[in-house]
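Encoded as structure tokens, the structure appears first; notes follow it.
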Amino acid sequence: MSVSPHPQRPVEDSSSGKMPKHVAFIMDGNGRWATARGLPRTEGHRQGLETLRSIIRHAGKVGVEIITIYSFSSENWNRPATEVSFLMGLLKRFVQRDLSELHEANVRIRIIGGRSDLDPGILSLLEEAEELTRRNSGLELVVAFNYGSRAEILRAAQHLAQRVQDGDIRLEEITEEAFSQSLDTGGLPDPDLIIRTSGELRLSNFLLWQAAYSEFYFCDLNWPDFDEAAFDEALSCFGNRQRRYGGLDAKAL
Ligand code: IPE
Ligand code: IPE
Ligand code: MG
């Protein structure tokens with residue numbers, strides 16, 4: 001059997017000692033943060049939004065180019081209706097209050113996740129945010145909303161299968177590259193670094209395809225306590241990682 005090297009991935013790490021280009025956040029622990037203080041869980045979500053604002057600012061300052069935030073999963077609908085409706089309200093307020101400021105700061109917003117079953121009011125707000133900022137060239141803020149990675153992968157598979165059935169493409173044209181492009185994240189580079197707060201050690205259906213060679217950073221702080229210093233620590237930890245993509249370090253050759 002002859003095995004050829006993968007044509008698309010560099011064997012040698014190009015990011016070691018450097019800033020990650022794309023950082024994805026699983027912003028977890030809002031509820032526990034609030035409960036530990038005798039507050040309702042919703043207070044944790046409110047405080048978590050403050051953290052998000054400071055992390056967006058900091059990402060731009062330190063030169064991260066893309067951040068993806070897991071804001072609401074396709075499974076989060078299983079929470080009590082009161083919490084779900086609070087989270088929807090928070091998202092609306094975030095877009096209404098912060099959109100013009102983000103636009104002025106040249107932030108480009110992109111939404112990933114299922115759209116077909118969304119409340120029309122929320123959908124139009126999200127689309128407005130994308131449309132307004134479409135031509136911005138600064139930090140790219142990817143908001144994973146009603147997002148589930150398995151559903152995203154299924155949508156991509158169905159889309160490509162449909163194109164084969166319609167005679168638009170041949171079966172052999174379903175390559176890794178074509179598949180990546182058909183995901184909601186099509187056109188974005190894979191995340192270099194995925195940070196999850198609150199001590200949980202799982203992906204919870206986040207970027208399963210895209211995380212193939214991501215570096216992971218798990219942090220015990222709950223999201224409302226995650227600050228610029230904690231972000232810097234994650235970035236510096238990333239800078240010391242050696243990414244090999246299945247190959248070998250230059251030193252070992
Ligand atoms: C993350 O915090 C925010 C969302 C999932 C929307 P959680 O609400 O999951 O907080 P914990 O994990 O229950 O503490
Ligand atoms: C993942 O957190 C989703 C978001 C952060 C939006 P969850 O709190 O929903 O994940 P599980 O249930 O602990 O796996
Ligand atoms: Mg949680």
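Yeah, the Cβs are placed from backbone N, Cα and C, and that goes for glycine too.
Summarising the annotation, TrEMBL assigns active site to D28. All protein chains shown were included, and the count of other CB atoms within 10 Å of the CB of D28 (active site) stands at 22.
Residues annotated as active site, proton acceptor in TrEMBL: N76. Note on N76 (active site, proton acceptor): other Cβ atoms within 10 Å of its Cβ, all shown chains, come to 17.
Residues or ranges marked as Mg(2+) binding site by TrEMBL: D28, E215. In the three-state DSSP scheme, D28 (active site) falls into the coil class.
According to TrEMBL, the substrate binding site annotation covers 29-33, R41, H45, 73-75, W77, R79, R196, 202-204. Around the Cβ of R196 (substrate binding site), 23 further Cβ atoms fall within 10 Å across all displayed protein chains.
What TrEMBL lists as region 'Disordered' is 1-21.
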Students should find that the Cβ of G31 (substrate binding site) has, within 10 Å, a number of other Cβ atoms equal to 21
About how far apart, in whole Å, are the alpha carbons (Cα) of W77 (substrate binding site) and D28 (active site)? 16
Most isolated by CB count within 10 A, of the binding-site residues W33, W77, is W77
